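Now, the feature entries from Swiss-Prot:
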BINDING   His17, Asp177, Ala178, Lys179, Arg244, Phe245, Asp253, Arg259, Lys260, Ala276, Lys280  ATP binding site
BINDING   Asp19  Mg(2+) binding site
BINDING   Glu45  K(+) binding site
BINDING   Glu58, Gln101, Asp253, Lys284  L-methionine binding site
REGION    101-111  region 'Flexible loop'
Amino acid sequence: MAKNRHLFTSESVSDGHPDKIADQISDAILDAIISKDPDARVACETTVTTGLVLVAGEITTSVYVDIPKIVRDTIKEIGYTRAKYGFDAETCAVLTAIDEQSPDIAQGVDEALESRSGSEIDAAIEAIGAGDQGLMFGFATDETEELMPLPIFLAHGLARKLTELRKTNKLDYLRPDAKTQVTVEYDEFNQPVRIDTIVVSTQHHPDITQEQIAKDLHTHLFPEVIDASFLDENTKYFINPTGRFVIGGPLGDAGLTGRKIIVDTYGGYARHGGGAFSGKDPTKVDRSGAYAARYVAKNIVAAGLAKKVEVQVAYAIGVARPVSISIDTYGTSDYSEQELIDGVNELFDLRPAGIIHMLDLRRPIYRQTAAFGHFGRSDLDLPWERTDKAEALKKLIVK
């Protein structure tokens, strides 16, 4: 590798990975509830293991949803439809342990500190306080058209295409569980120049050979996802490097909601506040705050105000306004952090109810985000991925 070059690696997983099964079940339940009761409070956690799904958490709503049916339908859609996979939508046990939201938390969310103290005029927006304290990050970079880091973008692309090859029976020996990983080489100007390593581990029928899997992935997977200009004779491929991946899914490993937070975001390329997304209604700033931070970051880059930017927002439980906003452009902007923050404060309402209104989050849009990443999804119409404020932001800041 040339001097001053460096490598960066990100991974993704398929929708059949145990942790992603759990995420998708949690978000499918959230969508079912929020479609009937947009103001519901949902914190839904799922764990999956051999032959068993446990759904637990705090849900406050006046509507009924058939949780066992949602669980089974989600598992079936993912592709676990045979008992020999060790996990089957029809025969797995489904247990539920659901409580209402704590009244101590509800008090602060129902009526924010600013509203309770009479310190705010904007009652409708100030009425909702943050559902918890915490810090969230949003990130954008001009490495890709989607304004995502290239390693995670390619890792997601491989995982999504692998799932498509399985579900369309193009490669009918594939089974639902899979992981992908891409290592990108960057030059001295921090621009991606080549792919150094690709790792794919995919569950498969026991009778297929590893040689056949490798041949098929080189024919049907890699050319469909990765630009050939990034590949060379030194690119390394590791396909099922253990030599066998027959036992997978919840039979191989237990899964839990919220254990793939780096896969869900930027593949480790940007910092993470630690809060997971799936199963949480939009009053939970772990989710809505991270979406808003991505929205801000993406519009900053789309406006040409920076080539790369990380936005941090932080909240106190029961308080509507963020306690802090931080913007780091890594030296790629001609404008100061304060100039950018002033423009963001002018255009983006980062109070919980403001985010919910700005991004129209009280809708059943979450199940589709629970696999293959929440950001950079050109295959979905996600409100936080829009760059509709870029021009207005540019006019505010560029004098």
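Heads up, the Cβ atoms here are built off N, Cα and C, so glycines get one too.
Comparing the Cα of Asp253 (ATP binding site) with the Cα of every entry in Asp19, Glu45, Glu58, Lys284, these being the binding-site residues, the smallest distance points to Asp19. Within the same chain, the residues at least 6 positions away from the residue listed as 'Mg(2+) binding site' whose Cβ sits under 8 Å from its Cβ are Val13, Gly255, Leu256, Thr257, Arg259, Lys260, listed in sequence order. The residue listed as 'Mg(2+) binding site' carries a helical DSSP state (H, G or I). In this structure the C-alpha atoms belonging to Glu45 (K(+) binding site) and Glu58 (L-methionine binding site) are separated by 9 Å. DSSP classifies Ala178 (ATP binding site) as strand under the three-state reduction. Under 8 Å, Cβ to Cβ, and six or more positions away along its own chain, Lys280 (ATP binding site) finds Leu30, Val42, Ala43, Cys44, Asp286, Arg287. Rounded to a whole number, the C-alpha distance linking His17 (ATP binding site) with Glu58 (L-methionine binding site) is 25 angstrom. The record assigns His17, Asp177, Ala178, Lys179, Arg244, Phe245, Asp253, Arg259, Lys260, Ala276, Lys280 to the ATP binding site, and the maximum Cα to Cα distance across that set is 36 Å. Note on the binding-site residues His17, Lys284: the fewest other CB atoms within 10 A surround the CB of Lys284.
The binding-site residues under consideration are Arg244, Lys260. Their Cβ neighbour counts within 10 Å are lowest for Arg244. DSSP assigns Glu45 (K(+) binding site) to a strand segment in the three-state reduction.
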